[in-house]
């Protein structure tokens, strides 16, 4: 035979099975085939074929050929059974016959020789399937048994102990274990490479001989499972291999030996060389030999180490133990657990047994800790800033670098998912052809198609779940990094930058903007998925429709192009929405912070209307946005019908035949295209929102920070001066031409006391800010040596207990702590608190008096033990006695060796100073000792003179009452009396303490706790919540219309597809049932009908959703603003802001769509089931158990997911609350050097929030994975059923339609359950808003039956009878049995120690706190019976804490625009300041009035009452923050303006009440004295006399 020919001798001996011949006669050979039987000199049983060398171009499997020379053929007739000889002699001519019913097929299929490689391949497949089934069954059995054990109520203690020991045991991984892992992966790689290599050579892809394809596929699957099993041994800490793994390794070894034997036999008979496959088999045998040795030995190579050997000698504390016990389920999960999300199962077991608590939620993976992420982002941003500078683009670049590694892995999964999703549509035409009768290979092709369909769906499911989970996790990581970075930026903002961004705006960045940025992470994958999906769609369409595919592509691109203007408009609308939301949140934050003053002034209704106006503006933009979204939804729901109409129309015009197979394949492709087309508007919308939010955050992160060079730190050893300022010039506005502080030259020697005084607005507080580095420096130098402690004028108190506020992060030293408490006059206060120093302080110290807050603040500074102390007039908030004690015991006692700079308006504290600075107009106009300044006669004597006049009025009152007999005896007598009186005071307070303790004995667990845990519902979301939401608008009448519109949309869509499948011919040769024109016309009509339905549905959902959100918002807002003050005292602002910001956003934009999708997905799946059941009714039967399993999964999932969603919402509020508190006290945090501590606290809160959030996301994936796999099972069952049905039993076109719909079944089935669960999670926001819509309201604002007279109150006579007041039912009474009458038109001074109940009486008068019992009457009108606005609108008050609102001077003086008195500013000493500003009455007031001093703010409050001119005026420490001279002017103004009014003055400065008509003395919540000043002074043992003596002694002593 010629050398250019290949002799293939297919010997019919025991090597071959009949299937070779079935294959052979089905092929059309391109070359001459010589069949020689019984040639001369040769055995008649030898059959050989001489085939041309071109045979190699065919895709033939290698069937173990024997190549031989012509003369060397074997004579094997003695080995052949006679039956075979007879059969081939009789039917040689039919060998190549093309009929599937040939005699060879019928007879040879009965033979399966054991020496055939095909036989061993089939046997191997069977063994592997048994192994896979056994492994899966064992895994499921273990899981079920584990779940059952966990569900048992009790576990024996011994078992628990042994299990714990097993868990705690450390492991050592031996070399054999590591080698086993490598060997398994290598064998897996060889099988994958073999498939790949054979595909490249074209010897598998077209193969019609299934055992080889199936064998390699099963091998790959088997080794994947085996590898996962070996990897999981580390988690289970198994020292021995399971029996099933050992058995499989032995069988693999035997199988590799058999494969090598066949390889050697072929190679030797061929006299050739070993090819790639033979080398692979040899390599596999070597590895399997090692694994065989491992299986015989039975040991894994994992050694357990007893953990007790390595335990630390010292056990951790209880708190540490709690943290240690919380492990990360995700961090310890095996590969198989990560793929199937089975690592979540333990949490579901707990959640199913009981409602989850925050301690039940496992930890996140340590790689996801907020501190690590924050540090990583900070390093990346610093590197980018160093290379490119700080800009919006560089912040984008830093975000990209931060996420890029995880994002790339995520993108791989997303692309794999996109590719796998198009396998189904590409095979539908083949399936329809097969069902139509093309069954040349029997059912084999059908089953191979079914396997291909199923494999693609499984790969798609795994890839989809992994990329979605990965994207969520990526978003979580970015969120954690950004929140911590935004928080840290807030602590470093300069004053000017801080005024640009209110607390409300910064909170919005953390809650809303970051949420939108992280949503971009999820959608980013669609950027590369979309072109891949589009390309695959065009490829599939081109296969089926030829040139018609380009029409489909053009239509798709046209629709996508429509998004460009829509997206631009959506982006602009999002910017407007966020701006409107910012304004609303800023105003809401301000209203909540100033709620007390709003209620006192009866302005709450006015500010409610202001918030509603801001909401209306936001609502208008929202309405435009949702209308645009509805239009976008209409376009894209209708786009598949539009694209298909264009495509089919083009095919008809071009004459391209439309068969059922091509149409169904195209429809399936269009349905797959729905995903990118549906996603595109969302993608562009999310990117638009994300871009706006990212720009806002980037702009914020670029804001100016405090300059590090504002002050120079000097080591303590290098200088004797602690503070030095040389030619300093400073300004709050760096660009201004007139600095705030100028020409400052100051040197403060170590250990010296420096007093700073001056009139209101002279720059005293600003000078301290210069030393702290808070105020921008224009010129000069500031050198500071040592640590600093700062006490601001407005007390900054953290939520928490008293001890934590004092320690401020320092370790607790009991002895030192007690000394500090005593020095700061807090001992008696703490004794009176039911929980001592562990008493919880409400938000902003709401349940503490002003004096108590200041003393806690001072105690914090003293405990800090700093080198330099800066006090900004802290004594103004305390009474004379307490102020004197503080000055003596703190400043001149514990801090006697410290450097102290203190601002004060109280002249009696000036003589003790080593240096006094007199400030005026931002300059130090005088400096020196007290005596030196008095002698200079420049201006200091004005301050001292005003104080002297006040002191003289007190001393004159003393003298007129003849209390002091002689000047010489005075001081000695006072000292003796104070010793005795303090002893008596201790006895009284001891009795009161017993009473207080007795009052709260019933509530020991709650005593001392004002702020309760956030209200949290447990269990399922009640039907009432759903019903309330659905019926909020028009009683729910529109909901059925929406469902009907979606139902008709589904009906039209199914009808259109059904029509195309039915009307188009099965093949191009078949005559169509109807004309092409009619086919197309009917399809267009049905498509238009479906589009109109979806348009109506979209508009209605948008309208109803927004109207419902608006109604819920108004209800909540009205309830919040009408809530009693006790609600605000016990509710942190963060909780309220979380509802009006985050929860409200859910209602505005997501809730209606989520609820709508629940109905829509159910309607969709009903349509799919209907179509599938019509073709193969058993599918409907299988849906019954599948639906039951879905229900079980849902019931198992929901309890855990619901509580995780609630915990995630609850854990978000502390982040916002802590951030708001930190921003308020940023200056103190910086002064104490506590930025790192507060940043760590923020990170800890972020981690606490991430734990439930991460597991909630994982729970969704756990559910979706199982539902998708379940739907894949239904899909596989349906395909198998269709393939197995006899030919002609069903219409192949309709069967193809059923498969087209079934392709989306896994998505739809999971969509139903996921949408229900997602809606329930979203419904938590509705539930939380409804909680705040049921807050008990205050009394009515106006009571029609009890309206007071128009001129009430006329005289202002106040009668108080048996008044008792407490702030909460579980707290002790603050006022006890108060009874007195205050005559009309009299001036009454109310005095008493700090915390004695003076301010509480004022609150009771205004009904801020409702009396527990007793009555208050003014001019015989019972205050409890009239409306609150009638009461509060007729009284005037200057509150203890001066409050200003962002806006203008005019708006702050007269928010309601009721008055026009131009002289008020001069009367309240603000005229000159306001007139100096070019804007006059329109001068800007920033948030909380921070650009005005505290004294100036109190003057504004005075201006308000001068405008209002009520007949009853209350002054609650009205002049505590102004200097003595300004105070004297104010007192004179009040006497002139309110001479004929009833004036109640609460004061710590005795001289402000000494000229009152009556004095009311409080002590521990009771009136102990009430008389004229002269009569009270006549009794030298009276409390008032003691206060006067203290004031006199202090004034003269200093």
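Every residue, even glycine, has its Cβ placed from backbone N, Cα and C.
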Correct range for transmembrane segment (source TrEMBL, candidates 143-162, 243-262, 303-322): 243-262
Segment assigned the feature transmembrane segment in TrEMBL (from 1119-1138, 1179-1198, 1199-1218): 1179-1198
Close approaches to the transmembrane segment (274-293) from elsewhere in its chain (Cβ under 8 angstroms; 6 or more beyond its ends): 62, 179-180, 183-184, 186-187, 190, 193-194, 197-198, 249-250, 252-253, 256-257, 259-260, 263, 267
Segment-level pLDDT (mean, integer) for the domain 'ABC transporter' (723-946): 84
Top partner of the domain 'ABC transporter' (723-946) among 408-689, 1041-1321, 1360-1589 - counted as Cβ pairs under 8 Å: 1360-1589
For the transmembrane segment (520-541), distant same-chain residues with Cβ under 8 A (at least six beyond the ends): 403, 407, 410-411, 414-415, 417-419, 421-422, 425-426, 467-468, 471-472, 474-475, 478, 548-550, 552-553, 556, 647, 665-666, 669, 672-673, 675-676, 679-680, 682-683, 686-687, 690, 694
